[in-house]
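According to TrEMBL, the protein has these features:
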- 12-31: transmembrane segment (TRANSMEM)
- 65-87: transmembrane segment (TRANSMEM)
- 99-131: transmembrane segment (TRANSMEM)
- 212-230: transmembrane segment (TRANSMEM)
- 251-271: transmembrane segment (TRANSMEM)
- 291-310: transmembrane segment (TRANSMEM)
- 362-380: transmembrane segment (TRANSMEM)
- 386-408: transmembrane segment (TRANSMEM)
- 429-448: transmembrane segment (TRANSMEM)
- 460-480: transmembrane segment (TRANSMEM)
Amino acid sequence: MGVKAALPKFELRLYTAALFGAILWAASWIFEVSSEQTNRKAFKESVKPGWHYFGRRMDAADFEWVMWFTTFRSHILFALSGHVIFAKICSMLSPKRRSFIYMVYGLSAVFVSMGWTYVTLVLSHCIILYSVALGKRKWLCFVAGLTSLATFKMEPMVSWQSGFMTGSFQLQDILFYGGCGFSIMRCMSFALENCEKEDGNYSFMDLLKYNFYLPFFYFGPIMTFDRFHAQANNTDLTRKQWEMWNIRTQALWHLGAILVVDILFHFLYILTIPSDMKLLKQLSDWSLAGLAYSNLVYDWVKAAVMFGVINTVSRLDHLDPPQPPKCITMLYVFAETHFDRGINDWLCKYVYDYLGKNHDQIFRELLATVCTFVVTTLWLGPCEIVYIWSFCNCFGLNFELWVAKFFSVRPFSSIEGTLSEAMSRRIRGVFNAANFWCIILFNVLALNSLEFAKLVAKRLLVKGFPLSTLSVLFVTYCGVQLVKERERRLALEEEAAAALQKEKAE
């Protein structure tokens, strides 16, 4: 049935009330635990002094967030602000050479922050992969690229290469692995795009301009080479109407999100509590469900804000970077699940869509998903928890296709044909709600721990059955229907806009 199937307004209001009531109920349990258990031994390492005038301490369990917005925010802001000012001045003086100017500033910043040995190491990998790209063999580019990536993800090569680094500061490991990993992925994109180029080859300077664009260098996101090359060499720097307004609005939204997360970290210790298994066993089923859900929402907010800050800078450079990841609340299918839009776009273009084609054949889809998650596993770093995460998500992605194929044949297809569109939407919503919790459980094991995911699954599916199981499923079903309603309205708006555009053309 179509996405435009509508439900009665009173039904949607009921779903809204049930969803927000459940979220507030679960949040109250988490707030109570956070307030009463502040002095636990397990909390000492991750719960740090916060707003002393409110008598609240802060959840500081996520090093990445603390690094970006507390400890090293001045360093990061200084580097990005320098790029914006330098790039703006030089772009005004010589817009045709702005991509070269971005590279000079980025290479200089990397040299100053990490030293000449690090720059030499990155350049050596760039030279190797550029040489392979000249052969214009995709399979060879993949082999060389994945081998280079493996040298930064697996022993003993990773220790050998990191041994070239001299000096020691707190951010060194983060910058080392981040810059090298993203550089390899960018070099692979360059090599694969060079294979598609019919006349001649891209130059080595094109690769350096692409790789050493500072806002993307250490932390991503990844723009595929074809998009970056076209946008960075575009000499028409005219802004679209309301473009600067949208950039300012997005910057303010990111600032607001940072403040909201900072406030919530003083009242809800959603990252620290899952690390204390003794405490978790004492919590209610609703608290555990709320913790699992809130951890994934937080990871989405973190990715949206961190990539959003970088994207704001790149938009000032007249680039169109990858969009932030889709909110976990809006997801109920594995096919749309991702936390890094840049990596997702890279994998879809060069692996998943390339092998899966239309994604409607079972065996072709299985091959595409297996290959995609093999590359993803190497990107994340091979280890037990990553293997489990990859297997679960690969299975979930294929299982969706198997179920869709199964219910598309008779008698199921004919039965659905006899139902109203609204009833079909409700039935699909039940399956989507169950799928939503599979997505949460399969991903929370990587964000927190396998033990936490197993505990949540056991409490919701075994010990909490049927009351906790059905109540959580019903609340999730309410959320799924609200998401479907939003999708329905967007589809109607797009259809109206397309019709208006057609009338103007005629």
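Along the chain as shown, the residues are counted starting at 1.
Including glycine, each Cβ sits where the backbone N, Cα and C put it.
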When counting Cβ pairs under 8 Å to the transmembrane segment (12-31), the leader among 65-87, 99-131, 291-310: 291-310
Tertiary contacts of the transmembrane segment (99-131), as residues 6+ beyond its ends and Cβ separation under 8 Å: 79, 82-83, 86-87, 90-91, 141, 144-145, 148, 161, 164-167, 172, 175-176, 179-180, 183-184, 187-188, 190-191, 204-205, 207-209, 211-214, 217, 232-233, 317
Contact between the transmembrane segment (212-230) and the transmembrane segment (65-87) (3 or more Cβ pairs under 8 Å, separation 6+): yes
Intrachain residues whose Cβ lies under 8 Å of the transmembrane segment (251-271), provided they are six or more past its termini: 27, 30-31, 33-35, 43, 46-47, 50-51, 54, 56-62, 65, 69, 291, 294-295, 298, 301-302, 304-305, 308-309, 312
Contact set, same chain, for the transmembrane segment (291-310): CB under 8 Å, 6 or more residues outside the stretch: 26-27, 30, 62, 64-65, 68, 80, 215-216, 219-221, 250, 253-254, 257-258, 261, 268, 270-271, 273-274, 280, 283, 321-322, 324-325, 327-329, 339-342, 440-441, 443-444, 447-448, 452-453, 456
